[in-house]
Structures are given as C-alpha cells and as structure tokens.
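Below: the structure, in structure tokens.
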Amino acid sequence: MTTRILTGITTTGTPHLGNYAGAIRPAIVASRAADADSFYFLADYHALIKCDEPARIQRSRLEIAATWLACGLDVNKATFYRQSDIPEIPELCWLLTCVAGKGLLNRAHAYKASVDKNVEQGEDPDAGISMGLFSYPVLMAADILMFNAHKVPVGRDQIQHVEMARDIAQRFNHLFGQGRELFTLPEAVIEEDVATLPGLDGRKMSKSYDNTIPLFGSARQLKDAIARIVTDSRLPGEAKDPDSSHLFTLYQAFAAPTQQADFRAALEAGLAWGEAKQQLFQLLEAELGEARERYHALIERPADLEDILLAGAAKARRIATPFLGELREAVGLRSFRSQPVGAESGKKKASKSARFVSFRDEDGSFRFRLLDASGEQLLLSRSFADGKSAGQVNKRLQSGEPLDLREEGDAFGVWLDGECVAQSPSFADSSACQAAILRLREALAPQE
Ligand code: TRP
C-alpha cells in the first residue's frame with residue numbers, strides 16, 4: 001500500500017538553512033520512497049491569516065516554490081501545488097466548519113495565546129483576532145482531509161491542529177458516512193532525528209530571532225552570515241570543545257560521519273575558529289551551490305514556475321473534484337435531476353425528464369431530436385429515408401446498451417455500428433459540452 005504524505009508550507013517568509021535541514025530536505029527525501037505518494041503545497045490561504053502585505057505573500061510564494069524545485073522535488077512523482085489553486089479546499093472548509101465544534105476551536109493554542117495576551121494587557125479578549133485565525137485549524141483540516149492523507153509531517157506546534165483534523169473527520173464520518181469512512185483519519189508525524197539547527201547565536205534558527213543563515217543568498221551572503229556565528233574566545237591553537245559549539249552542530253547537520261570525526265578532531269587539536277568557519281562555508285557550498293544556481297534560474301522564469309504549479313493543481317484536482325462531489329452528495333447537496341422529488345417518499349418515479357421528438361424534414365426525410373427537461377436540444381439525428389429506420393435507431397438509443405459517444409471540439413456525436421447517427425449542437429465551451437453529455441447519459445440510462 002502507498003502512504004499518502006501531505007504537508008503545507010505557509011508562504012510568509014524566505015526559506016533559510018533551518019527550514020532546509022528541518023523540513024525541506026527530509027520531505028524531499030521522503031517523497032522519493034517507492035511507496036510514498038506525497039502532496040506538498042504552498043499554504044497561501046493560511047499566509048493571508050498572518051500577513052496583510054500582498055507583495056510579501058507573492059514574493060514568498062515564488063521563493064518557496066523555487067526552493068523546493070531547486071532542492072530536487074520531483075513534481076512527476078510528488079504532487080506540488082498552491083492551496084489557492086484548489087477551489088475545492090475552501091468549499092470543503094465550509095462543510096467542515098459546519099461540523100467543527102466551536103468549543104474545539106476555542107481550545108486551539110494559537111487562538112488561546114492571542115486571547116491570553118489580550119487579557120493580560122487589559123484589552124478585549126478578542127481584540128485584533130480575525131475569524132481567519134480562529135478557524136485556522138478548520139482550513140488546515142480541509143487541506144489534509146481533501147486528499148485523505150495518512151501522514152502529516154509537521155513541527156510540534158502543529159500537532160494539535162492535526163489532532164483537530166482527526167476529530168473533525170471522525171465527526172463528519174459519523175454524521176454523513178452511513179457506515180463508510182469518508183475521510184481517512186490523519187496522523188501527525190514528528191521526525192525525531194531531523195536536525196533542528198541552531199542559529200547564529202545558538203538559539204533555534206528562526207526568523208523571529210533574526211539569527212538565520214540564508215539558504216539561497218549569494219556565496220558572499222553565506223560567508224558573511226557564517227562569519228557572524230558566535231563562538232567562544234579560545235585562541236588559535238587552544239583546544240575547542242565541539243559539543244558546546246553550535247558551529248560544530250551546524251557542521252554536523254551537513255557532513256558525512258568521517259567528515260564529522262575529522263572536524264571534531266581538528267577542533268580538539270586547536271583549529272582556529274576562523275579556519276573552522278571557512279570549513280563550514282565550504283561544506284555548505286558543496287551542499288547548496290548547485291541548488292542555488294537552479295534556484296536563481298527558476299526565480300528568473302516565474303512564468304515557468306506558474307506552469308509547473310498549475311499542472312500540479314490540475315493533478316491535485318483530479319482527486320479533489322470527484323471527491324468533493326461525493327462529499328456534497330453525502331451532506332445532501334445533490335442534483336435535482338439525479339434525485340427526482342418524490343422518489344424518496346415512495347411515490348412513482350418521476351417521469352423521464354428528457355424526451356424524443358420525431359419529425360419530418362423539409363426534404364421529406366425522417367429525423368428525431370432529443371430534448372432535455374428544459375427543452376434544450378441534446379441531439380439531432382441524421383436523416384433517415386423512412387420512419388421505421390429512424391424509429392429503430394431511436395429505440396436502440398433508449399435500450400440501455402452502452403453509448404458510443406465521440407467528442408469533437410465542444411460537441412459530440414452518438415455512434416451505432418460504426419456510423420454517426422446523431423449529433424449534439426456545438427456548445428459554448430467544453431464544460432457546457434460535458435454537462436450536456438451528463439444530461440444525455442441520465443436521459444438514456446435504463447429506468448427501472
Ligand atoms: N499550519 C502549518 C504551519 O504553519 C502549515 C499548513 C497549512 C499545513 N496546512 C497544512 C501543514 C496541512 C500540514 C498540513 O506549519
């Protein structure tokens with residue numbers, strides 16, 4: 001069985017080395033496993049909750065997309081898309097909103113922290129809190145449940161959200177599943193052995209501490225950042241303690257075991273910090289140099305990135321669209337056509353909504369039309385020399401035998417025994433054409 005892995009990246013910042021080691025690199029490695037079916041997406045609707053600077057949102061989406069591709073994500077294997085390109089997600093979000101308990105969401109850490117802060121400052125408890133922030137976990141549940149993910153790799157601060165997604169899924173299954181598991185119950189995965197990198201000052205590398213090392217800045221910027229790593233004051237020649245040095249921790253996260261051992265020995269033997277920083281720089285250059293070039297090449301071709309992401313969205317929607325259709329059906333948002341009024345109350349099945357109309361053409365030949373419930377023409381037959389042949393073809397179309405429909409542009413023909421016996425009008429666009437095909441199939445489906 002394949003495991004569906006899904007995770008979202010909020011698009012509010014520029015990826016740094018800590019994001020790379022802690023999330024991007026392990027996710028890309030995981031996506032290569034033979035049994036992995038990975039879904040990685042830019043959580044740009046979530047970004048709007050935290051950020052009201054359009055330029056920053058846009059820049060971050062571009063940078064994060066380019067980063068993942070430059071780091072080697074294979075979009076033919078994984079599904080890579082922008083949340084905001086999948087209209088099914090906000091639609092599902094509403095269905096979930098209608099079953100998510102307000103009390104459940106009241107307990108979300110992020111919301112509670114904001115309330116506590118307001119109260120502490122003597123403000124109204126909900127001052128400055130948007131409905132977006134309050135409902136953040138429901139949108140995240142929609143992201144996860146839309147694709148029935150099994151595993152959701154996240155940071156510790158997100159575990160509660162995945163648990164809420166589970167809760168909401170369970171409730172939805174119970175209410176609407178009629179014994180079926182409509183949604184898979186997702187599990188959060190925390191990768192224990194993944195590196196949490198220290199930043200320049202030794203605290204966790206994080207944008208909020210302003211201690212990050214840029215991932216794809218220039219080589220110069222990388223060098224400058226490394227130069228600012230805080231070390232102790234031991235002089236060249238003095239023995240250093242690798243285990244109390246976050247420079248060593250950074251080195252370790254990117255080095256092979258033998259390199260690590262050599263570096264440790266060199267520090268213990270008195271390697272100068274300046275020299276050690278030079279070695280760290282070389283190590284990072286070796287890891288990131290080529291990816292940086294790919295990154296800049298991608299950033300310079302935003303239209304190509306757009307195409308890649310739109311293709312990813314189309315791939316994702318091949319799953320989302322039919323699944324959302326099932327969910328709409330489950331909650332009772334059903335087509336009136338497929339559920340004739342009265343059918344459920346045991347009344348005689350409503351009469352067939354579409355009808356055939358036979359007529360004689362100006363030249364005396366025989367033809368028929370098929371009109372849908374609203375009188376719109378679905379088919380016009382070819383001309384027949386006599387009424388009997390027209391009638392036979394008409395009968396066969398209603399016999400329930402599989403239909404041979406062939407599309408041509410935004411129109412279609414119906415074929416019997418190798419000839420086209422009837423044609424649709426030309427529709428305005430392909431979705432109008434597809435809708436007409438659906439109506440035709442319904443009209444000609446065998447009736448009990
Ligand atoms: N909330 C996540 C974060 O801030 C991002 C995210 C949005 C996400 N939707 C998701 C993560 C779905 C996993 C699954 O990190």
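Placement of Cβ uses the backbone N, Cα and C atoms for every residue, glycine included.
Those TrEMBL annotations? Automatic predictions, nothing curated.
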| query | Which stretch, out of 204-208, 359-363, is listed as motif ''KMSKS' region' by TrEMBL? | reply | 204-208
| note | TrEMBL record, motif ''HIGH' region', of the ranges 11-19, 236-244, 344-352 the matching one is 11-19
| note | Close to ligand 1, in the sense of Cβ under 6 Å, among T10, D143, R156, M205, K207 as binding-site residues, are T10, D143
| said: If I restrict to non-local contacts, at least six residues apart, and a C-beta distance under 8 angstroms, what lies near T10 (ATP binding site) in its own chain? | reply: A43, H46, A47, K50
| remark: In this predicted model, the motif ''KMSKS' region' (204-208) has a mean pLDDT of 92
| said: Roughly how many Å lie between the Cα atoms of D143 (L-tryptophan binding site) and T12 (ATP binding site), rounded to a whole value? | reply: 18
